[in-house]
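The annotation domain 'Phosphomannose isomerase type I catalytic' is assigned in TrEMBL to 9-157. Sequence annotations record features per position, and here TrEMBL assigns Zn(2+) binding site to Q116, H118, E143, H281. Summarising the annotation, TrEMBL assigns domain 'Phosphomannose isomerase type I helical insertion' to 176-261. Sequence annotations record features per position, and here TrEMBL assigns active site to R300.
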Amino acid sequence: MEMEVSRPLRLRCSIQNYDWGKLGEDSRVARLFSRNSGAEIDPERPYAEFWMGTHESGPSFLARGESGGPDSEPLTLRKWILENPDVLGEKVVERWGSELPFLFKVLSVAKALSIQAHPDKELAGMLHKMRPSIYKDPNQKPEMAIALTDFKALCGFVSIEELKDVLAGVPEIVELVGDEDASKVLNAKEQDGYAEVKPILQSIFTKLMSANKEAVSELVSKLKCRLNVENKIRKLTEKEQLVLLLEQQYPADVGVISAFFFNYVKLSPGEALYIGANEPHAYISGDCIECMATSDNVVRAGLTPKYRDVQTLCSMLTYKQGFPEILRGTPLNHYISRYTPPFDEFEVDCCSLLPQESLVFPALAGPSIFVVVAGEGRMQMGSAVDEATVMEGHVYFVPANGEIGLTAGTAGPLQLYRAGVNSRVL
Ligand SMILES: [Zn+2]
């Protein structure tokens, strides 16, 4: 079924109701999904992730009327792209075949996600082969989160200086990992390079993560008691406050203690964080736009009721140390800011228009997905006479080489995000 694609295609998208999601109307994901699909919001249910793309675990469909008559079977975006690979553009097909290389999401996080890392391409292929029921695809999954609200996360290991402070200030960790490993950290010198520090950090972190359940549970409760007592005589550090919060969410979990090893990242709206392969992280709270390579491979090791693969996690990590780079978006013009992570699969534009302002997104050699997160307006592709009304919750697939015109309505500002293949490869 070849069809002339002369306008953006509206998509009906999927959600994930993971238990860490915000409940009912409080969830941005629920509100977008309800406007996207017409579904009612269940106030008792967590709405965690809104998925826009082609991954089998949460496919997007062409909205009714886009794929033929009203009675035709719902057609997935993936199937439609396979039948019309030209919509990806030549360069994308050359590099990734007939697959959309990125997956676009909105997240509403009420409580911490698991401590996790995503495998690189080689490891992903191996894990998928060995355990296809857990690692469902053979792809790497670099990702980027752009804060829509204040957004908190743990990401990457703290510097060696900070780690020394942690060991000096958190006796429970030393108790768990032993004096020998602790003293190796304390004796590490500032000028020691990655090669010297990596084995020390790997050894102490692996010991912590693989400690037995009873020992962990006992130490977490010790830690909690100590912090609650000290809270009466001094102001706890932000990290200590976070640890108490994590303990409430995941009592007796090793992730509570391991939080001391990671950088505590607090994003303001508009700031973004990107995470490469084999870097540990855990989102803690807030709403964000997320983009990643089309994959759902997660290796988890804490703060989760799901399957834990501690051995894989501890051996795959890079153990790079230091605070992650924060992106603030590069203005392309008055209306658009671009977030460019160091990954080929994707980039994200944030676009804001005041009432009745107009803008043209120049044609790109790759495909795009647009999601409207606020306001309403009109969208048009190229010189087509067809204009689509766009509003909050609408999602559109725009084929390669499609130029998009946007005009905000009269009611309020129009805000949307565009995900596309990183321009550096187009
Ligand atoms: Zn992740």
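Keep in mind that glycine also has a Cβ here, set from the backbone N, Cα and C atoms.
All TrEMBL annotations are machine predictions without curation.
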Neighbour-count leader, CB within 10 A, recorded positions: H118, H281, R300: H118
Spatial neighbour of R300 (active site) that is closest, considering only the binding-site residues Q116, H118, E143, H281 and their CA atoms: Q116
Mean per-residue pLDDT computed across the domain 'Phosphomannose isomerase type I helical insertion' (176-261): 93
8 Å Cβ shell about Q116, H118, E143, H281 centroid, Zn(2+) site members excluded: A117, K141, I275, E279, P280, V298
Neighbourhood of E143 (Zn(2+) binding site), C-beta criterion under 8 angstroms, separation at least six: H118, Y274, I275, E290, C291, M292, A293
Q116 (Zn(2+) binding site): tally of other CB atoms within 10 A of its CB: 24
Residues in the domain 'Phosphomannose isomerase type I helical insertion' (176-261) grouped by DSSP into helix, strand and remaining coil: 65 helix, 0 strand, 21 coil
